[in-house]
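*Asks:* First, the structure itself, so that you have it in front of you.
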Amino acid sequence: MAEDSESAASQQSLELDDQDTCGIDGDNEEETEHAKGSPGGYLGAKKKKKKQKRKKEKPNSGGTKSDSASDSQEIKIQQPSKNPSVPMQKLQDIQRAMELLSACQGPARNIDEAAKHRYQFWDTQPVPKLDEVITSHGAIEPDKDNVRQEPYSLPQGFMWDTLDLSDAEVLKELYTLLNENYVEDDDNMFRFDYSPEFLLWALRPPGWLLQWHCGVRVSSNKKLVGFISAIPANIRIYDSVKKMVEINFLCVHKKLRSKRVAPVLIREITRRVNLEGIFQAVYTAGVVLPKPIATCRYWHRSLNPRKLVEVKFSHLSRNMTLQRTMKLYRLPDVTKTSGLRPMEPKDIKSVRELINTYLKQFHLAPVMDEEEVAHWFLPREHIIDTFVVESPNGKLTDFLSFYTLPSTVMHHPAHKSLKAAYSFYNIHTETPLLDLMSDALILAKSKGFDVFNALDLMENKTFLEKLKFGIGDGNLQYYLYNWRCPGTDSEKVGLVLQ
């Protein structure tokens, strides 16, 4: 992915204008980017303004101080003094600080905002420009014969560490980093809470490599402060099937967002992936970067309306009482699809045939082997639920699946967690999709979920409104790294990333 030689252009992306993030971005610092879409659902439209401070510089220093683990390099803005005796150098320093502050743009949430945005990091990468009209298909850069062997340089005071997630203490460290610093909604009310068991499922599919679990630690005390991951996947893009990686879990500790660590993390995981002969990647982000292949929207279906209102995940509609809202979202106690049962190991071959055949109709979709199907779909408590539909003659005709991803509820006296089910892959050949997804809601409700989330990809638009989903307030963009192809509509996306 990122260039394996540090050119002047790529080095520029580590200067003051580049900003670190939590989520795939590389050009934004103080905002927590929504790599998954906001866990706040209906919330998250507002941006938080954050105060910035700046360390004092020596006059005529000619540049910034070097990075260190203890130097926050925050920007402090002072009002210009009305005293005419204030030294000219002081006024110039103030003016420069104000210019730097104005240059620190917030993340672009839509194409209009993105058109005005500067992407100093992504402009150095093999991705299409936002205004580029694309009609061709293929790699932007050819595969490289000589890949950089040495890791990229981190700011002073930090060190690389490959995380061995089979070590319970290391896994706990990663869980803590993500739990305290990963994606949250703009109002700081909800934050994704990936369990250690979920992380093992998401980060260790068939073909996973230890070196693709890339961490950053403070050199002095070995505290884990940054992470990025890659997992292998065969992805079909229109008519081409490519071995690539899915990039996920880019996270930088909140106190180190001014260190420009995110661009280095992206470059380093790129180098490590390139060393294995892979030169394409797919990733998602809640912000607009150069250049989305597709834009999807999250929808939310209330399963526990009382709790969702109490934690302010959702709000009562005008002229609606809580009792009427609870009645509106009430579900049957039992499913109605005949032959619906949990997936078992004996179903792996049939499920693989169902999913690979069904996904051929989409422009962006995985191609799975039996080992991958077993990993991603065999039920695991509190991680993944898959139910198949078996006909009277023993043939599997359909299946539904959803994964578990709770969010921590911040600042609430009673509720500490919001249990969310996320629609995964739902394949139908005989059962109407509307009936299949109605049963998915009933099953999720019976398992204690508070909300059921789904993107408007694949055929999901056919059931979202009918099953009383409400539209979310944020988009999820899909991106390809080092691959150029025309964009597509959300209903032609057949890929779901955790």
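Residue numbering: from 1, along the chain as shown.
Glycine residues also receive a Cβ, built from the backbone N, Cα and C atoms like all the rest.
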*Asks:* Among Ser38, Ser391, find the residue to which Swiss-Prot assigns the annotation phosphoserine.
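*Replies:* Residue annotated phosphoserine in Swiss-Prot: Ser38.
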*Asks:* For Ser258 (tetradecanoyl-CoA binding site), what is the tally of other C-beta atoms lying within 10 angstroms of its C-beta?
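*Replies:* Result for Ser258 (tetradecanoyl-CoA binding site): 22 other Cβ atoms within 10 Å.
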*Asks:* Name the residue among the binding-site residues Val252, Val261 whose Cβ has the smallest number of other Cβ atoms within 10 Å.
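*Replies:* Comparing Cβ neighbours within 10 Å for the binding-site residues Val252, Val261, Val261 has the fewest.
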*Asks:* Among the binding-site residues His117, Arg260, which residue has its Cβ surrounded by the fewest other Cβ atoms within 10 Å?
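*Replies:* The binding-site residues His117, Arg260 were compared, and His117 has the fewest Cβ atoms within 10 Å.
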*Asks:* Neighbour count first, Cβ atoms within 10 Å, every protein chain included; then name which of Leu250, Ala262 tops the list of binding-site residues.
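*Replies:* Comparing the binding-site residues Leu250, Ala262, the most crowded Cβ belongs to Ala262.
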*Asks:* Listed tetradecanoyl-CoA-binding residues His117, Trp122, Leu250, Val252, Ser258, Arg260, Val261, Ala262 - what's their greatest C-alpha to C-alpha distance in Å?
*Replies:* 22
